[in-house]
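As given in Swiss-Prot:
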BINDING   N9, R20, G194, G215, H216  3-amino-2-oxopropyl phosphate binding site
BINDING   D11, H12, R47, H52, T102  1-deoxy-D-xylulose 5-phosphate binding site
ACT_SITE  H45  active site, proton acceptor
ACT_SITE  E72  active site, proton acceptor
SITE      E153  site 'Transition state stabilizer'
ACT_SITE  H193  active site, proton donor
Amino acid sequence: MSRILLGVNIDHIATLRQARGTSYPDPVHAAAVAEHAGADGITIHLREDRRHIIDRDVYLLAKTLKTRMNFECAVTEEMLNIACEVKPTYVCLVPEKRQEVTTEGGLDVAGQLDKITAAVSRLAANGIQVSLFIDADKTQIDAAVASGAPLIEIHTGCYADAKTADEEAKELERIREMAKYAHGKGLIVNAGHGLHYHNVKPIAAIPELYELNIGHAIVARAAIDGLATAVKDMKTLMLEGRRGE
């Protein structure tokens, strides 16, 4: 049985920081905690609007990570320049719309093959392995192969957002089929988006999947699981302060 890896996305640690414009919680610290807990890699998305991860995070993480950085970005000159300077292990090219809350779908590789191929070639020339975030679709998988990218990440959002058991089963089967198809084409196949503690097992059971990238669910679970300790620690400090300790 092949091992499956976990890439922990720490974007929403940064979201919490940016909500108040503070210096904490620090995603760099969060990455170290995640690595210590068993994360096989750290995923970050530097968006053009810098809504959560900021440039400072990227450069510090490049120096401090003990595992691997998976750097998600749009296919823009600015982002490609940053990627080529930082040289993460992986760059995952994703679609990006300013008004979206989170990435809403896969990259249309087939519709912009020349642009994607040029980006893949440029990143590869800098020693970076390129992944393309795409829907579970044969046309997009074939285009990914044509672009020269060695990896894809299958968008699992439709599976995660399924409203009925039948819809979920249909999406799961589609992901299974496309993971097998892509693997047969020689691609390394990852998956992610919307995965959480109640839907991850069927995805993790797909033998062709190499790594799952999961973030929001882990950060949300951490906020609840760590809340009791955080409240107790704050109450202790307040009581010590009142006693003059």
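Count begins at 1; order follows the chain as displayed.
Glycine is treated like the rest: Cβ placed from N, Cα and C.
Location within the structure of each feature annotated in Swiss-Prot.
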residue	record	contacts (Cβ under 8 Å, 6+ apart)
N9	3-amino-2-oxopropyl phosphate binding site	I42, T43, I44, H45, G192, N213, I214, G215, H216, I218
D11	1-deoxy-D-xylulose 5-phosphate binding site	P27, T43, I44, H45, H52, I53, G215, H216
H12	1-deoxy-D-xylulose 5-phosphate binding site	H52, G215, H216, V219, A220
R47	1-deoxy-D-xylulose 5-phosphate binding site	I53, A74, E96
E72	active site, proton acceptor	T43, I44, H45, L46, V91, C92, L93, V94, F133
E153	site 'Transition state stabilizer'	C92, S131, L132, F133, I134, V189, N190, A191, G192, N213
G194	3-amino-2-oxopropyl phosphate binding site	T156, G157, Y159, A160, D161, H216
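For the pair H193 (active site, proton donor) and R20 (3-amino-2-oxopropyl phosphate binding site), the C-alpha distance works out to 26 angstrom. When the recorded positions H52, H193 are compared by the number of other CB atoms within 10 angstroms of each CB, H52 has the fewest. Sparsest Cβ environment among the recorded positions R20, H45, G215, H216 (other Cβ atoms counted within 10 Å): R20. Among the residues the record lists as binding 3-amino-2-oxopropyl phosphate, namely N9, R20, G194, G215, H216, the two farthest apart have Cα atoms separated by 25 Å. The DSSP secondary structure for H45 (active site, proton acceptor) is strand.
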